[in-house]
Structure formats: C-alpha cells, structure tokens
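Asker: As listed in TrEMBL for this protein:
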type	residues	note
TRANSMEM	A:7-24	transmembrane segment
TRANSMEM	A:30-50	transmembrane segment
TRANSMEM	A:62-80	transmembrane segment
TRANSMEM	A:100-119	transmembrane segment
TRANSMEM	A:126-149	transmembrane segment
TRANSMEM	A:174-201	transmembrane segment
TRANSMEM	A:221-240	transmembrane segment
TRANSMEM	A:260-285	transmembrane segment
TRANSMEM	A:297-319	transmembrane segment
Amino acid sequence: MIRERHLNALVLGALLALPLWGFWAEAPFMITLATRAAILALAAVGLNLALGLGGLVSLGHAAFFGVGGYAAGILALHAQSFTPMMTWPITIQGTTSMPLIWLVAVVASALAALGIGALSLRTSGVYFIMITLAFGQMLYYFAVALPAYGGEDGVSIYVRNAFPGLNTLRPLPFFAICYVLLGLALLLSWRISVSPFGLALSAARQSEARVRTVGIEPYRLRLVAFVISGAITGLAGALFADLNRFVSPAMLSWHLSGEFIVLVVLGGVGRLLGPVVGAGLFVFLEHWLGGVSDHWMIFLGAALLLVVLFARGGLIGGLTAGSRS
Amino acid sequence: MTAPVVELRGLSRRFGAVEAARAVTLDLRPGEIHALIGPNGAGKSTLIGLTAGSLRPDAGSVLLGGEDVTRLDAVGRARKGLGRTFQVSSLAMELTVLENALLGAVGRSGQVMRLFRSALCDRDLALLARAALERVGLVEEADRRTADLSHGQRRLLEVAVALTLEPRAFLMDEPMAGLGAEGSRRLTGFLDRLREEAPILLVEHDMDAVFAIADRISVLCYGEIIATGTAEDIRRDPRVRIAYLGDDAA
C-alpha cells in the first residue's frame, strides 16, 4: 500500500503533467479539463475544511461559489461596458484585474458565509443541512430575480480577466494561476489542520462536551472555519467564472452544492487531497463517459456507491489503507 | 477555617417528575478530597453537571473562589478553573492520546485561534501535555489513537486532560471505573497527592478508595444530601445505612 504523502505528490504531479502534455500534444481541451478539475478541487478544498475537519455538512456551499462567480462577472461586466457599478454615495467602477476580483470575491463570499454560518451553526445535524440548503436556494432565487445581471440568463464575461504579467487568454497560463491558487489553498488547509485551531475543530466534531470542558466554545471555532471555507469556495467561483467566461444562477444551485459534497466524499472526507482526487475523477468521468452517454452520472453514482461501501476514507483512504503518514 | 474553593448553595434541578437535586448545599475546601456517594440514580452525576455548568439549576447558586459563576456555562466555568472528568468517556476518539492532552493545553493557554502554527510543534503546549500524560502513566501511549486505548486507560487520559487545565478544583466523575484493582490503587495514590494542588470533588463507586482517601464524604439520596462528615462519621450514620442497606440495617 502506498503512503498518503506519496499519493498526494503523485496526484499533484498528475494534475500538473496532464495540461503540460496537452500543451505539448497541442490538445488545448486537456488543459481546459485540468483547469476545470483544479477549480472544482479548490471549491471542494474549501468545503473539506468545514465538512472534513469540522463535520459541518453544508448543502449550501454553491452559494459561496456563486457569490465569488458573480463578483467576477459583475466587476468584469461593468469594466467592459465602461459603466460604474454604483455612483452614490461613492463611485465604484468595475475591474478586469484578477487579483482585485479575487479579493472582492473572497471578501464577499466570506461575508456571506459569516451571515449564513452565524445563523446555521446554531443548529446541528439534519437541521444544519436544511438551513444551509435554504440559504443557498435563497441566493439562487435572488440571482434569478436580478434583471440587471441577466436574471436566469446570467452574465457573460466577453474577455477573460487579466493577471499582471501573464496572458490569461491562453489556456496554460490560466491553468498555472488556478494550480498555484489550489496549491496555496491546500497549504492553508494543511496548516490549519495541524494548528491548535484545527485540533480543537476536529475534537469538537468528535466530542463537543470535551471541547467545552477545556474552556473552548465550539460555535466560534465552527464559525471561523465556515467563513474560511466559504471564502476559499468563493475564490474558486471567481476562477470558474473566468474559465467559462460566463456566470449564471446555476453556479448557486443546490445540485452543485451536492456535487461538491460528492467530490469530497469520493476523494476522502477530511483527507488533505481528497477534494483533488474527487474533482479529478469527476471531471474524468464527466468528459469520457459524458461523450458516451448523457446519463454518465449513473456511473458517477456507482463509483460513489463503491467508494462509500468499500473504501473508508474515500479513494485516498482506500489506496493508502488508512495509513496517514 | 479557610474559604472554600467551590460552594454549592441550595442547588435544585428537576427532570420532569424526578427531582435530581433538592436544595443541595456543600463546599469543597482547599487541599481536600470531598467524595460524593449514593445509590445509583441518587443524582451524583447531575450534581457534577450542575457544578461544571453543563446543566442549569432551577434554583440555587455555584460559587468558585467566592465568585458567583451560576450564570456561566461549562466553557466559562472551565476558563475560571474547574477541571472536569466524565463518567462516560468524552475524549476525541480519532485523535491520538497526545493530541487529546494537547487539546487541554490549548484550552488552558487560550491560544485556540492560532491558525498557522503547528500544535504538536509548540514547545510550551507539548511540555504541558506530556507532563500530564507522564503523571498518569500514559506517556508511553502518547502516539496511539485514543479509540485503541483500554477502558481504564481512557479514564486516566480523562484525568490527564483535566491536569493540563491546571484547574483550581477538580470535578471527577467515577475516575476509577474499569481500572481494575491495581490501576485503582495507583490512581487512589495519585489523587491522594493531587489534592495538595487543587481540591477534588469526587464521585466514586469504589467504596474502599473513597473511604481510604476522602477527607469528607457527602451521601446523596434521591437528590438530597442526607449526611456529610468524615469516613468514620459516615460509617456510623444510621441514615446512611438505611439508604444503602434498607430499613433492617438501622
């Protein structure tokens, strides 16, 4: 059996090798697939922090993904149409600068997570799942009812936003951006998981009474984790908008929230690279089986069933036989 | 007489028709072990819960070092210096033994919001956690998963986590359950020395241990304290005999 550390290196290596091969073989769609996998992985890394470490089964994470996406879409739309976003009390212009868009996406999704988390985290179990779902759907219908930004039709980003020093219109530099951000999010996620905060969050998932008895309030821990989790997923949403050059309410739909959970469960709940493995497999099945049948999700369902039944700790858990070193 | 560390004044708590605590008044003085005994269902664990703050009293108050902490919950009271162990182990089973002890050290240090430094690599936290494990004889098991420990070892780990809090008073709910004769004897010796650091309110079924180390014993019956005194007083008290052995014993 392979050690988790080695498997992680292999997975990150494969995700890097695929688009490089696509570049060399002049198959740009390979780069786009790898970019899509990296972005979905990033969104799931965010969810994994709440779900894996904190045990918070959020069925509303697409809300943060969508908020990040709309942040990118709206800022780009105003910049490209030369119209200010607002003129009163101050004038705010749009922008096509990726770093600035990411900042807005992260702050907006973190604020959304703070609001949703502050209320949802007062409940637990199935109620938490239902409340996060309800908030997610509220934002979904809000986006549908937003005529200024296309309502159900969404917003198009005519030209992919720009990053200083890189030509983001070419697939490989854009992949590189997504890959580096995924790497940074994984680094952040790993540092948090071994920190005193991560230790307490994990303990709160396993025994709330224990954490309270040592003088730590679980609610605060969970809220901070939920906000960081939402912010990472929001950043992924901004990148997703740039990948597709399009944002629509579908980015906020509960189906997508469910898919994020599937990605995490497939790869391994609470495993550092679980989301990456899950997203990789998801995109692989979507592309190769999607070409064979429109009903490719049946195969995804079968894969999920097999993983849940036979591989404790997802694919990573199954391949490493539970060894975490 | 020195001022008590913990004082319970007229604590009452009702669960439906059952009065689990009826105007309970008792105190825990510096350097003592105050044991709480009573038949099953007498309300001992309820009283520990009321003292630790995990249960709210219907009436009465809890004082810690003379300060009224009744309005504080379990988190607040732990921060004020109450170190509790549970009757049914409440440890984080997927964490290692050392990580469970570290959790106590993290709570004690108030550094829980540190997100970017490793808990295991923090010298102060690790020292505090390892010292606690050393004292209960679990340091050899530091890297084992808590779920793999025996029942008795889990009880010791509960005590170790309470030690990392360096509390002003310990509340221990049956720390000797499942330890076996030798383990129970060793823990009795340990608690005997521990009382000098902080007094212990001890709920325990092992009567030999209780009568050997308790400075005072309170007997709880149907939520009410029917007697408080030294081991000798309690042995002689006819009300205690009736409660434990039935009317014929009196």
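Cβ from N, Cα, C; glycine included.
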Asker: Please work out which recorded stretch in A:7-24, A:100-119, A:221-240, A:297-319 has the most C-beta pairs separated by under 8 angstroms from the transmembrane segment (A:260-285)?
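Answerer: Looking only at A:7-24, A:100-119, A:221-240, A:297-319, the most contacts with the transmembrane segment (A:260-285) come from A:297-319.
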Asker: Taking the transmembrane segment (A:221-240) as reference, which of A:7-24, A:100-119, A:126-149, A:174-201 has the most Cβ pairs under 8 angstroms?
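Answerer: Comparing A:7-24, A:100-119, A:126-149, A:174-201: A:100-119 has the most Cβ pairs near the transmembrane segment (A:221-240).
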Asker: What else in the chain is close to the transmembrane segment (A:30-50), if you only count residues 6 or more beyond its ends and a Cβ gap under 8 Å?
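Answerer: Sequence-distant neighbours of the transmembrane segment (A:30-50): 15, 18-19, 21-23, 56, 58, 61, 64-65, 171-172, 174-175, 178-179, 181-182, 185-186, 189, 192, 222, 225-226, 228-237, 239-240, 243, 260-261, 263-264, 267, 269-271, 274-276, 278-280, 282-284, 287.
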Asker: Below 8 angstroms Cβ to Cβ, which residues of this chain, lying six or more residues outside the transmembrane segment (A:126-149), approach it?
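Answerer: Same-chain contacts beyond the ends: 56-63, 66-67, 70, 73-74, 77, 112, 116, 119-120, 155, 248-249, 252-254, 257.
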Asker: Short question: most Cβ pairs under 8 Å with the transmembrane segment (A:100-119), which of A:7-24, A:62-80, A:174-201?
Answerer: A:62-80
Asker: So what's near the transmembrane segment (A:62-80) in sequence-distant terms, Cβ-Cβ under 8 Å and 6+ beyond its ends?
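Answerer: 43, 46, 93-96, 100-101, 104-106, 108-109, 112-113, 116, 135-136, 139-140, 143, 149, 154-159, 161, 229-231, 233-242, 246-247, 249, 251-257, 260.
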Asker: Using a Cβ cut-off under 8 Å, which residues of the same chain at least 6 positions beyond either end of the transmembrane segment (A:297-319) come close to it?
Answerer: 1-2, 4, 7, 262, 264-271, 273-274, 277-278, 281-282, 285-286, 289
